[in-house]
Amino acid sequence: MAAARRAAGLLPLLLSSPSRARLPHRQALALTPPLLRPHRLYSHSPKPSSSAAFSAFASASNGAPAGRARELHLYNTKSRRKELFQPRVPGGEVGMYVCGVTPYDDSHIGHARAYVAFDVLYRYLRYLDHKVRYVRNFTDIDDKIIARANQLGEDPFSLSKRYSDDFLSDMANLHCLPPSVEPRVSDHIDQIINMIKQIIDNDCAYAIGGDVYFSVENFPEYGDLSGRKLDDNRAGERVAVDERKKNPADFALWKAAKDGEPSWDSPWGPGRPGWHIECSAMSAHYLGHSFDIHGGGEDLIFPHHENEIAQSRAACCDSSINYWIHNGFVNVNSQKMSKSLGNFVTIRKVTELYHPLALRMFLLGTHYRSPINYTIEQLNVASDRLYYTYQTLQDCEESCQQHQSKAGDPLPVNTTNCIQKLHDEFETSMSDDLHTSVALAAISEPLKVMNDLLHTRKGKKQEKRLESLSAMEEKIRMVLSVLGLLPSSYYEALQQLREKALRRASMTEEQVLQKIEERTSARKAKQYEKSDEIRKELAAVGIALMDGPDGTTWRPSVPLSEQGVVAST
């Protein structure tokens, strides 16, 4: 049944062209839809891709024509509309703060969604020639960390350091560029205490028995970001109910020490910071009281970001942030994925069976503000799409590796038009509030054209074929780089995608090759029913067979059910 559900989304594509399986392999290759395209992996190792993921990105800002106006519009949660992005300091450094993780467990794909989204924003700002100071924190002391450490009998700082390191490893695997600064709360207690003092001095906070609370009634703009009225507000998830508070919505800036918990000395006695004050203090320390972009998941709008605004403005009346950016949830069965709900899937669990960039491709396939429903079926589609993209570029690279283009040689008009269309669609979609799904779709036509040039008789005869291939590969490489999908080597990425497919199928390559042998023998003996069964058996677990003049090979594919439409032998 699961396999049948996986196949359902692909049946219309398969049914639309039943005759393709009978075409010669190379002709069928050029006509087949991208998600179902047969791919091949060379048995020898060609030269590595000339552009490593991060080094290529560093120069990606040169990808657009000089002097072209490229205006970025971003949806601002505070104004509830898209706005033209204009840096606070024209020509200066863009300040961007994104709320980081509380490292008390493995990070899940809800975290991946947030940090991939802001990584794309970081990359695109740099592509547009902005200098960016990107700050993403670690909340390395918190109620949840303390509770988990007590549960495991572990030091809280040791636990948070371990999970912080794991998080950084996950981010690297997902091709998220390192932020400019990654501050930890425990290293910024002095800054936090100083900000709390300023808030008290400005009559917006009060101390009770070693605790310090922010007084929301003394901040008239409270609720502007979330659109909540003060009477409707409730204390946030991490704000304990305390009858001593002047207003139930007042939240903790400083928590008095409890036995067995980490604490620091302060003017109000030993204790530790509240959740919200930490980000206000660290963002002000690294970016100043006013900066350009503050981001996070939409679950942080209230109470966390609402409280941040109140604290920062109470500490410094000139404090302001121009753009509040929030990403949507990852849902499981229409319910937000989160650790507290117990329905989360960790990044590590997913990447045991899928290439990390397949997960990134899946996340970028939906606009960052829209909810995304996590399904294995969609991961399979993303993985297949990634394989097709890398295989096309690998084929192109191998074809062009001995070719040297002459400087100034004009390209055919159709090639120039294809490249310009890709460039325009990429920039238009990305500049419209980072529509990554549209940007990804923009490479589909160039990839099809490249496959025509690589594998069809007509394409191979086209004038300046290799020059066209090289130019299109370069432009697609730029797009993949800005989206964080460019591997250091197409060939190595293809191998890794194949290894993950074998793991999902619970098979070894030797077992697949044995099945191919059995099928070849069955075909020679004209046992076509048996041959068909072997093909279907492998297709059901995501292994597609391709017959060619040099024999039968295999590639990863979207798994199909035994009842699914599979190309006949």
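Every residue gets a Cβ built from N, Cα and C, even glycine.
Here Swiss-Prot flags 1-42 as transit peptide, drawing on sequence analysis.
Feature annotation from Swiss-Prot assigns Zn(2+) binding site to C99, C279, H304, E308. Cβ neighbour count for E308 (Zn(2+) binding site): 27 (other Cβ atoms within 10 Å of its Cβ, all protein chains included).
Residues or ranges marked as motif ''HIGH' region' in Swiss-Prot: 101-111. Residues of the same chain lying 6 or more positions beyond the ends of the motif ''HIGH' region' (101-111) and with a Cβ under 8 Å from any Cβ of it are 138-140, 142, 144-145, 147-149, 159-164, 166-167, 170, 297, 329-330, 336-339, 344-350, 359, 363, 374.
The annotation motif ''KMSKS' region' is assigned in Swiss-Prot to 336-340. Residue counts for the motif ''KMSKS' region' (336-340) under DSSP, helix first, then strand, then coil, are 0 helix, 1 strand, 4 coil.
The C-beta environment of K339 (ATP binding site), restricted to residues of the same chain at least 6 apart in sequence and closer than 8 Å, consists of D105, H108. The ATP binding site feature in Swiss-Prot is assigned to K339; the stated evidence is similarity to another entry.
The average pLDDT for the motif ''KMSKS' region' (336-340) in the predicted structure is 78. Counting other Cβ atoms within 10 Å of each Cβ, the binding-site residues C99, C279 show the lowest value at C99. Compute the center of the Cβ atoms of C99, C279, H304, E308, which mark the site for Zn(2+); besides them, the chain residues with Cβ within 8 Å of that center are W275, H276, E278, S280, H294, G296, L300, H305, N307. Around the Cβ of H304 (Zn(2+) binding site), 19 further Cβ atoms fall within 10 Å across all displayed protein chains.
DSSP states for the motif ''HIGH' region' (101-111), grouped as helix (H, G, I), strand (E, B) and coil, give 3 helix, 1 strand, 7 coil.
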